[in-house]
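K.L.:
I grabbed these lines from TrEMBL:
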DOMAIN    37-95  domain 'Chromo'
DOMAIN    179-237  domain 'Pre-SET'
BINDING   C181, C183, C186, C191  Zn(2+) 1 binding site
BINDING   C181, C192, C219, C223  Zn(2+) 2 binding site
BINDING   C186, C219, C225, C229  Zn(2+) 3 binding site
DOMAIN    240-363  domain 'SET'
BINDING   R251, G252, W253, N320, H321, Y362, K390  S-adenosyl-L-methionine binding site
BINDING   C323, C389, C391, C396  Zn(2+) 4 binding site
Amino acid sequence: AWYVPCLASLETLQELCRKENLRCKSIGITNRSLKSYEVEYLCDYKLEEGTEYYLVKWKGWPESSNTWEPQKNLKCPLLLQNFLSDKDEYLSRMGEVKPLKVRNHFRALKPAVTDYIVKKAKQRIALKRWKEELNRKKNHKAMILVENTVDLEGPPLDFYYINEYKPAPGINVINGITTGCECTDCPAEKCCPKEAGFILAYNKRKKLKIQPGLPIYECNSFCRCGPDCPNRIVQKGTPYSLCIFRTNNGRGWGVKTLQEIKTNSFVMEYVGEVITSEEAERRGQLYDNQGNTYLFDLDYDSDEFTVDAARYGNVSHFVNHSCDPNLQVFNVFIDNLDLRLPRIALFSTRTIKAGEELTFDYQMKGSLDLTSDSADGLSPSKKRIRTVCKCGAVCCRGYLN
């Protein structure tokens, strides 16, 4: 199904809810806000006859209901702190030191300052709601945080969080597997990987032990082993708390880890819409014009299908490219043994410190010796306008594709 974002502003929706006496927690209309006034954010400041006033946006009320209130009546220290911090940040960026100017008989902030403060307050609220939405939809225990200290960009308007592949009509990502291993001790017996002709991918510490290019066969829903089986790693989801953050060098959003990640650890899956390569070629032309790269060819066995994470995806949608990445791509098979449709897992190539950005090579297809020339020959979706790389690595190839 395709979703259409609501075109009505938050203020319009709030006003409509109040008029009809409706409650909607997601836009701040609750029983409490219908009966009382709560400060949502502060819009402006003035000093009049020795008294400090703030223009208040009330939670659940449209901007037309904003009122000037003396500071002594406000019981919102955090919002006051945010207001002053945003004001100082703007003035610092503009190189100004005099925030107030005289208007008739009182002093007030310049319109440009208050405009920035209001936009920053709205952004802060929007990012908080987005963070809550992401954490509601995720199916793993680790937290997802959102941070933007760089600009006024808010949540993407046309992105929908999913936890697994979203197949296009006519594509089946579950092949109806009905059998599993009978192991009581998966590492020691003839488990799923051995049945497929490969070795177990993980060691006793549940870290990856195979080389890039080899597939991972995990135990499936029909296997006798339980949830603590050492051959169930990717299927449990992201084990680390991650932060989607705004980069300061023009690369848009990025992802950093909030916890240290040891070498050869599973970090996240790359999910999105599963489409045909023909459809990927059509979409690729559009994405190139926009300067975006979200297509991931499922070329483990053939180049019949592609994952498109542009509109539907998880945290991996925001992971940036690097020519010297700290994540490596592996093909994974669990409840679907169709070699044309592997799941894509990202594992750490080294120890990653808390706070460090996560990256993978957009040309990386599970092989260490893949060059840019060979990548161009893998699928039609790679033969398009080249996108300049901004990864900043010493070994940067200059282009993302």
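Cβ coordinates are placed from backbone N, Cα and C, and glycine is handled just like the others.
Where the annotation comes from TrEMBL, it is an automatic prediction and has not been curated.
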K.L.:
Quick one: give me the count of other CB atoms within 10 A of the CB of C186 (Zn(2+) 1 binding site).
P.N.:
23
K.L.:
Provide the three-state DSSP residue tally for the domain 'Pre-SET' (179-237): helix first, then strand, then coil.
P.N.:
10 helix, 4 strand, 45 coil
K.L.:
Including all protein chains shown, what's the count of other C-beta atoms within 10 A of the C-beta of C183 (Zn(2+) 1 binding site)?
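P.N.:
Here the count is 19.
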K.L.:
Residue counts in helix (H, G, I), strand (E, B) and coil for the domain 'Chromo' (37-95), per DSSP?
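P.N.:
DSSP classes over the domain 'Chromo' (37-95) add up to 24 helix, 22 strand, 13 coil.
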K.L.:
On the DSSP side of things, how many residues of the domain 'SET' (240-363) fall into helix, strand and coil, could you say?
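P.N.:
Its residues divide into 18 helix, 49 strand, 57 coil.
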K.L.:
Which of these binding-site residues has the least crowded Cβ, counting other Cβ atoms within 10 Å: C225, C389, C396?
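P.N.:
Lowest Cβ count within 10 Å among the binding-site residues (C225, C389, C396) is C396.
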K.L.:
For the binding-site residues listed here (C192, C323), tell me which residue's CB has the most neighbouring CB atoms inside 10 Å.
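P.N.:
For the binding-site residues C192, C323, the Cβ with the most other Cβ atoms within 10 Å is C192.
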K.L.:
Could you round the CA separation between C229 (Zn(2+) 3 binding site) and C191 (Zn(2+) 1 binding site) to a whole angstrom and send it over?
P.N.:
11
K.L.:
Taking the mean position of the Cβ atoms of C181, C183, C186, C191 as the Zn(2+) 1 site, which residues outside that list, in the same chain, have a Cβ no more than 8 Å away, listed in sequence order?
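P.N.:
What remains near the Cβ centre is E182, D185, P187, E189, K190, C192, C219, C223, R224, C225, C229, N231.
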K.L.:
Taking every protein chain shown into account, which of the binding-site residues R251, H321, K390 has the largest tally of Cβ atoms within 10 Å of its Cβ?
P.N.:
H321
K.L.:
Any idea what the Cα distance is from C186 (Zn(2+) 1 binding site) over to C323 (Zn(2+) 4 binding site), rounded to a whole Å?
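P.N.:
Cα to Cα, C186 (Zn(2+) 1 binding site) and C323 (Zn(2+) 4 binding site) are separated by 36 Å.
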K.L.:
Measure from the Cα of C396 (Zn(2+) 4 binding site) to the Cα of every one of the binding-site residues C191, C223, W253, then give the nearest.
P.N.:
W253
